[in-house]
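Undergrad: Before I ask anything, let me first share the structure, which is written out below as structure tokens.
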Amino acid sequence: MWWDERVSARFRRNLQPTLTYWSVFFSFGLCIAFLGPTLLDLRCQTQSSLSQITWVFFSQQFCLLLGSCLGGVFKRTLAQSLFALFASSLAISLVFAIIPLCHNVVVLAVVMAVAGLAMGCIDTISNMQLVKIYQKDSAIFLQALHFFVGFGALLSPLIADPFLSDTNCILSNSTANASSNLPHIRKSLVPHHPGNLSHYDLPMKGMVVTRVSYAFWIMALINLPVPIAVFFLLYKERMVPCFNNSSHPLLSADELAMEARPAEKDDLSTAVQRPRAAGGHDDLFSCCQSKNFRGASYTYFAVHITGALVLFMTDGIVGEYSGFVYSYAVEEPLSVVHKVAGYLPSLFWGFITLGRLISIPVSYRMKPATMVFINVVGVLITFLLLLIFSYSVVFLFVGTAALGLFLSSTFPSMLAYTEDILQYKGCATTVLVTGAGIGEMVLQLLVGSIIHDQGSYSFLVCGMIFGGLAFTFYAFLLFFHRMYPKPSSDTDDASPDKPAVMDDTGQYQR
């Protein structure tokens with residue numbers, strides 16, 4: 001294997017929980033990408049207007065952000081984390097099964113809000129649990145985790161595509177006229193920007209003809225093994241109430257070898273049983289309690305803030321670029337035909353997924369700080385070249401692919417880097433996940449408004465500005481890293497600056 005034996009042994013000891021967290025993130029990806037291509041068929045199913053149905057985007061994304069903020073509530077113990085993941089992954093399967101039964105847009109928005117809450121919990125819990133298990137070795141496993149969300153995001157549109165309506169799915173007298181706009185409308189659907197399609201007039205009354213229900217039922221079946229996998233992990237950890245009296249499993253050879261180190265084992269047990277130190281991993285609201293700031297240096301706050309701002313910008317770029325690149329391509333001066341421009345969002349997400357796959361081995365050989373530096377510089381240079389060659393259709397495709405590659409590993413690398421700076425005792429995971437979610441919402445709304453007022457060229461200008469801000473905030477993060485106090489043995493236990501006791505044995509602690 002291309003990693004060393006220590007990391008390999010830790011992975012083998014935590015194989016089942018690691019694979020479970022990866023599979024749960026596949027559910028996240030499956031749920032996050034289906035709404036765009038299926039939204040016109042869902043509009044027909046609910047017999048609503050375009051402006052009404054696109055608010056479903058907002059309900060999902062807003063509750064995803066809310067779930068990310070509240071997800072830390074369920075991470076106080078391993079049992080709470082696993083039960084929350086089980087409920088969330090099961091909720092996603094149920095949502096897929098229920099969506100075909102939603103014939104009212106308000107009911108659909110409520111169902112998608114439930115899906116958003118489940119996705120937010122999955123996002124925060126899975127990231128934090130992997131960081132908790134692997135700590136300084138977490139970068140490679142976080143890269144793999146985010147590959148699975150990209151894989152799920154690629155798979156769900158492919159499943160939905162054969163069942164999408166080729167013509168308007170509400171048959172009425174105006175169907176023929178409305179159907180000519182259908183390909184452009186489908187590619188122009190932008191999450192979190194519900195007003196961008198109000199000028200299109202599609203029929204709201206008539207006979208509904210759509211087969212999109214089959215796509216959702218297929219995705220529900222594909223996702224069903226995920227909550228089953230979480231249930232098996234609960235069973236293995238003897239956390240299922242009916243089976244919690246089962247005998248303890250025999251120790252593996254690796255674990256028996258660890259028993260030969262009693263001093264280290266005693267230290268570890270003491271550390272695990274010690275009450276939670278202030279400033280440890282928690283939900284966003286607990287992180288903001290004043291007791292967690294007692295004795296913290298200003299760099300403690302600065303690392304959290306600058307790390308979140310970097311992801312605010314980079315995840316915001318992901319959202320606004322994937323949402324508006326099609327609309328930018330079909331407008332002047334490029335005037336790309338609709339069918340060709342439709343490949344741009346798929347190309348972007350495809351290279352994000354490819355980049356995450358490539359980053360798995362790369363992250364073992366390269367430090368997270370170096371990877372983030374390459375990412376933000378690459379994003380900045382790509383937008384600069386896109387501006388210079390703004391009249392080139394070929395370079396738009398090349399730049400879209402390059403941008404996907406550079407953005408692909410930014411989140412897991414930044415998470416691993418920031419957690420390492422804080423010695424796994426800050427609220428970095430919760431703050432960074434929340435900052436990324438807010439950025440994806442806010443920047444897409446902002447860019448949508450700017451494009452509406454200033455024209456399509458402002459799309460690239462905004463990307464250049466956001467890329468420059470991401471680089472600036474990362475430079476500040478490097479500065480605060482140098483200023484951050486090094487861990488010392490006499491640091492007070494309650495201080496957020498105290499390093500976490502590292503679990504060198506790699507044991508999956510409850």
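Placement of Cβ uses the backbone N, Cα and C atoms for every residue, glycine included.
Automatic, uncurated: that is what TrEMBL annotation is.
Copying in the features that TrEMBL gives for the protein in this structure:
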TRANSMEM  21-40  transmembrane segment
TRANSMEM  52-74  transmembrane segment
TRANSMEM  81-99  transmembrane segment
TRANSMEM  105-126  transmembrane segment
TRANSMEM  138-159  transmembrane segment
TRANSMEM  214-235  transmembrane segment
TRANSMEM  298-318  transmembrane segment
TRANSMEM  340-358  transmembrane segment
TRANSMEM  370-389  transmembrane segment
TRANSMEM  395-417  transmembrane segment
TRANSMEM  429-451  transmembrane segment
TRANSMEM  457-480  transmembrane segment
REGION    488-510  region 'Disordered'
Undergrad: Between the transmembrane segment (138-159) and the transmembrane segment (214-235), are there three or more CB pairs that fall under 8 A, provided the residues in each pair are separated by 6 or more in sequence?
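TA: Yes; at least 3 Cβ pairs under 8 Å.
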Undergrad: Between 21-40, 52-74, 138-159, 340-358, 457-480, who has the most Cβ pairs under 8 Å to the transmembrane segment (105-126)?
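TA: Counting Cβ pairs under 8 Å, the winner is 52-74.
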Undergrad: Are the transmembrane segment (370-389) and the transmembrane segment (52-74) close, by which I mean at least 3 Cβ pairs under 8 Å that are 6+ residues apart in sequence?
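TA: They do not touch: fewer than three Cβ pairs between the two stretches lie under 8 Å.
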Undergrad: Out of 138-159, 298-318, 340-358, 429-451, what stretch is closest in contact terms to the transmembrane segment (52-74), meaning most Cβ pairs under 8 angstroms?
TA: 429-451
Undergrad: Give me the stretch from 81-99, 138-159, 298-318, 395-417, 429-451 with the greatest number of Cβ pairs under 8 Å to the transmembrane segment (340-358).
TA: 395-417
Undergrad: Should anything in the same chain at least six residues away from the transmembrane segment (298-318) have a Cβ under 8 Å from its Cβ atoms, list it; otherwise answer none.
TA: 279, 352, 372, 375-376, 379, 403, 407, 410-411, 414, 417-418, 421-422, 426-428, 431-432, 434-440, 442-444, 463, 466-467, 469-470, 473-474, 476-477, 480-481, 483-485, 496-497
Undergrad: Would you mind listing the long-range same-chain contacts of the transmembrane segment (138-159), meaning Cβ under 8 Å and 6+ residues beyond its ends?
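TA: That would be 3, 7, 11, 18, 21-23, 25-34, 36-37, 126-127, 130-131, 215, 218-219, 222, 346, 349-350, 352-353, 356-357, 359-364, 368, 371, 408-409, 411-413, 415-417, 419.
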